[in-house]
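Asker: Structure provided below as structure tokens; questions to follow.
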Amino acid sequence: MARKRSSRSTTAFIFFAFLSIIVVTARNFEISNDMFWKDGQPFQIIGGDLHYFRVLPEYWEDRLLRAKALGLNTIQTYVPWNLHEPKPGKLVFEGIADIVSFLKLCHKLGFLVMLRPGPYICAEWDLGGFPAWLLAIKPAIRLRSSDPDFLHFVERWWEILLPTVAPLLYENGGPIIMVQIENEYGSYGNDKPYLHHLVTLARGHLGDDIILYTTDGGSRDTLEKGTIRGDVVFSAVDFTTGDDPRPIFELQKEFNAPGKSPPLSAEFYTGWLTHWGEKLAETNAKFTAAALENILAQNGSAVLYMAHGGTNFGFYSGANTGGDETNYKPDLTSYDYDAPIRESGDVNNAKFKELRKVIKQYSTASIPSVPSDNEKTGYGLIHLQRKGLFFDILNRLDSIEVVESENPISMESVGQMFGFVLYVSEYPSKEDGSILFIPKVHDRAQVFISCSSEDNGRRPIFVGTIERWSNRKLGLPKTKCVSNISLYVLVENMGRVNYGPYMFDRKGILSFVYLDGRILHQWKMLSIPLNNLNKVPRANPIIQVAYSELTKTSARRKAKENVSEEPAFYAGHFSIDNVNHVKDTFISFRGWGKGIAFVNEFNIGRYWPMMGPQCNLYVPAPILQHGENIVVLLELESPNPELVIHSVDQPEFTCGSSIAHVRQL
């Protein structure tokens, strides 16, 4: 009996000891007493946005280590639906879209993660992250609403995405502590059933323990419309850097359950975005650091937007509008954002130092030493050769998709989501010329005419440009032609609106086309296949033509005769002789007009030095290779007469008009 009693006591002791170990080691992130709690201990979020889709995967760890050296304990990132599902049912989770690898890397480096899966993200990203093919659905769906047709596609997407990230929730041993519902919805709409439906979807896939949160501007109006009252969803705020956070955090409490409102600025703005044609936006380092300290000193949490901005590679940069949709403002290729970790990863700057100094005072963990900036180099002068005029190359391709219609149709309806569509029609010649009017072009159209009955055919003649933001009638010159005159309208999509009431932003010609006041019918739409960020095929037909027969000698000899005002492809190359000399670089486009640049078939983005302020495009070292590196440009307007570009070792934002190019915020 005594032995049996002793056995039971020992068993009970072991059992309760085991339970205590479970209690101590259980992973838990929760909110109570107006505080965040991590594994039973108070926790202050000092985080930063760093978007995996704006950084090459080879540099993810580099940028995260720099965020670690800044003192951050949490990474916040959006998930752009359009990157992962560029076509209906075609899913991409590799390369720069490998979100699982990015999240695991965050975890490995000791970061927590706040995940923002949308479905709308804003982010100065094309269409706020929505796939453009949603705009081709008929009848038109209502984005960001409880429209059943829209919700059908959201459900289908989240049924893929959320189970993919669920194993990485904090309770499951991963880094994800919070998942955002939509994004700043109070600045857009007031459709509560839509928000509730997203919450139901998220809970169904992620369970009841994960903290769901909303982020809205720190005003009563936006919080009323964008939050879900009660303790089902935590309501965070954002506000202008430098605003007194105290009254905003008090207002935040009204939209959370009692004891469930730890003060959190989910977007603490370290800088700001810049559009083409604007002065470069910059913010004072000491002012920004003082504003952050004002939040942290009140036991508030903050997420730096951005900690590291990165680059809008490919065609994914977004746009904004002013009072109406014609006041269109496309974003730069650079998303430097004047963040403490600059576009190329540099941290030797005043903003990084001042913010780190503040964060160090409030960090409970030791902060790693600051790494040195990555070495950058200039590879010098690169001579280019014109490889083909735009219209000639199109004629040589068999793979161009052509859609015919009585009237022009949108780019999305043609099946071309990014880049360019060529609209072609014809009209009878007149002795006194004609007037062309296209009421609605998104976003920029270059107009050409030609007469095929001329001897050997006549090259397309550039007539003028029609722009969304300065639409005008265009005079077509008097042209003697026995046959009809061919009309070519090359329309460029410069990025879909990502914020505000004009987000349903189809591209291309979106109206009737009028010639001398009459509607011009019978159109052909030609898709122009160019690589985007998440689509790098082995053999792009246009790029391959541009690469063909590239030689060093002909580039320099034929430069002068190869200059043309017609859009054309130009190619050149430079060599890196030592494998250890493959470094980051920038390509300067001073003296060029406007276009798209590819390095080793990777789309490094748009250049537009005539508009500015960005002169140079960032080329990360992982794009480059030991030996020969090939650059291809689609120049739309006016090539440099010498047909040269320069590889340099630093960015430059002084191009465009003669006005000052730095805008202090």
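Each residue, glycine too, has its Cβ placed from N, Cα and C.
Annotation comment: TrEMBL describes 1-26 as signal peptide. Positions annotated as domain 'Glycoside hydrolase 35 catalytic' by TrEMBL: 36-361. Residues annotated as active site, proton donor in TrEMBL: Glu184. Look at TrEMBL and you will find Glu267 tagged as active site, nucleophile. The annotation domain 'Beta-galactosidase 1-like first all-beta' is assigned in TrEMBL to 408-528. Residues or ranges marked as domain 'Beta-galactosidase galactose-binding' by TrEMBL: 567-629.
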Asker: Could you tell me how many residues in the domain 'Beta-galactosidase galactose-binding' (567-629) are helical, how many are strand and how many are coil under DSSP?
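Answerer: DSSP classes over the domain 'Beta-galactosidase galactose-binding' (567-629) add up to 6 helix, 32 strand, 25 coil.
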Asker: What is the number of residues in the domain 'Beta-galactosidase 1-like first all-beta' (408-528) that are helix, strand and coil, as DSSP sees it?
Answerer: 7 helix, 53 strand, 61 coil
Asker: Please report how many Å separate the Cα atom of Glu184 (active site, proton donor) from that of the residue listed as 'active site, nucleophile', as a whole number.
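Answerer: About 11 Å separates the two Cα atoms.
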Asker: Within 10 Å of the Cβ of Glu184 (active site, proton donor), how many other Cβ atoms are there?
Answerer: 20
Asker: Could you give the mean pLDDT over the domain 'Glycoside hydrolase 35 catalytic' (36-361), rounded to a whole number?
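Answerer: Mean pLDDT across the domain 'Glycoside hydrolase 35 catalytic' (36-361) comes out at 97.
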Asker: If you draw a 10 Å sphere on the Cβ of the residue listed as 'active site, nucleophile', how many other Cβ atoms land inside?
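Answerer: A 10 Å sphere around the Cβ of the residue listed as 'active site, nucleophile' contains 23 other Cβ atoms.
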